[in-house]
Amino acid sequence: MSAVLVINSGSSSLKYQLIEMTTETVLASGLVERIGEKLASTKHEVSGEAHKRELPVATMTEAFTVMVAAFDEHGPSLAEFPPVVVGHRVVHGGKRFFSATIVNDLVKINIDDLSELAPLHNPANLQGIDAAELAFPGVPQVAVFDTAFHATLPAAAYTYAIDAEIAEKNRVRKYGFHGTSHKFVSEAAAEFLGRPLAELKTIVLHLGNGASACAVDGGISVDTSMGLTPLEGLVMGTRSGDLDPAVLIYLNRKAGLGFAELDTLLNRSSGLLGMTGRGDMRDVVAATDAGDEAAIVGLSVYIHRLKHYVGAYLAGLGGADAIVFTAGVGENSPVVRAGALEGLEFLGIRLDPERNISPERGPRLISAEDSAVAVLVIPTNEELEIARQALAAV
Ligand SMILES: Nc1ncnc2c1ncn2[C@@H]1O[C@H](COP(=O)(O)OP(=O)(O)O)[C@@H](O)[C@H]1O
Ligand SMILES: CC(=O)OP(=O)(O)O
Ligand SMILES: [Mg+2]
């Protein structure tokens, strides 16, 4: 019996899962949100029961103390299920990390060095590693990188068409993100279809708060929509995704917006939120049903962009065996799924409307029997994938 503790530490939150790996069962999961604010809220779920609390939590180290206390109080006992390894989600691995890596001082220096490429994510991930080292002395820590799965991108896909010397010197290229999810989901799709991964061409659409598309050929990432940072590509909850880069220059000159303001604009107040005043897809869909004009346009932009990437990756892969929807929006929004594939019948892509709106959970087929391309919904499980890779690394 071996348990793995999975840690996803963000700028103001700590999410965790303790997973028993012989049966891949979640023993407990939880989160500490709003770290550093006056009151943080915590949730610890075990045996289907959620234990919630509000208390001040100033730092990531304190958040770990709160997590360990929740295990002591509500179980399961960490003495009974001691983690054999702690697996951490680390967002940016740059060109240094291509697989799950046991953390040592040099690895931490490298993660820190990549912070300038992921300022929202890497510093928080590193704080999580430091706090876990204090809380679980002697237990190996393994970093699992969002970028790792995309290490296989060909130069044609990862190179930006800018001055090569400037790009090289500043490490400017496409890295891609959500790799842990794209890997898990593309493998689960092959399993669901009962076909060898090596033979499958798959398009994975990970549509959460952050969203990205990935073209997977025989289990290998060959193209993806996020870039140097998790800003490029699809329309997201608060991020713009693709736009003419000259918009930045123009807004700087014309509206006097500085780089900090432009950063905030594109990362935090654009996307669905910027277009519709609502960053949550559930609220946007509800508003379109009520006839809200901004919501109707915003949803149409979201779907237009999604279809654009589906088309691009169908062309890049030379057709696809499966198109897979995952993450919060992908798993739960029939409107988005139908919109993204509408009009693609000429390519052999045919949704079954009944299957698409079925409230069923779990991996499922939503295309019609006569569809040449299988359209699937597969719930992602980044935590389980991190646990598997962390355990394999030790
Ligand atoms: N029933 C639903 N219909 C449409 N969107 C949904 C539904 N349930 C959840 N979502 C959307 O999923 C998104 C969050 O996805 P999730 O994968 O949990 O995000 P992340 O892990 O990136 O924080 C939110 O925009 C939310 O509105
Ligand atoms: C990399 C990224 O965008 O992650 P998230 O979807 O968790 O924000
Ligand atoms: Mg997510």
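Cβ atoms here come from the backbone N, Cα and C positions, even for glycine.
Unlike curated entries, TrEMBL annotations are predicted automatically.
The feature active site, proton donor/acceptor is assigned by TrEMBL to D146. According to TrEMBL, the feature Mg(2+) binding site maps to N8, E382. Look at TrEMBL and you will find K15, H206, L207, G208, N209, G210, D280, M281, R282, G328, V329, G330, E331, N332 tagged as ATP binding site. The substrate binding site annotation in TrEMBL covers R89. The site 'Transition state stabilizer' feature in TrEMBL is assigned to H178, R239.
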Euclidean distance between Cα atoms of L207 (ATP binding site) and N8 (Mg(2+) binding site), Å:
18
Cα distance, H178 (site 'Transition state stabilizer') to L207 (ATP binding site), nearest Å?
10
Out of D146, R282, E331, which recorded positions lie by ligand 1, with a C-beta less than 6 Å from some atom of it?
R282
R239, D280, R282, V329 filtered to the recorded positions whose C-alpha is within 10 Å of D146 (active site, proton donor/acceptor):
none
Just checking: which of R89, H178, R239, E382 have a Cα that is within 10 Å of the Cα of E331 (ATP binding site), counting only these recorded positions?
none
Assuming the binding residues for ATP are exactly those in the record, K15, H206, L207, G208, N209, G210, D280, M281, R282, G328, V329, G330, E331, N332, what is the maximum CA-CA distance in angstrom, rounded?
23
Taking just the CA atoms, what is the gap between R89 (substrate binding site) and H178 (site 'Transition state stabilizer') in Å?
10
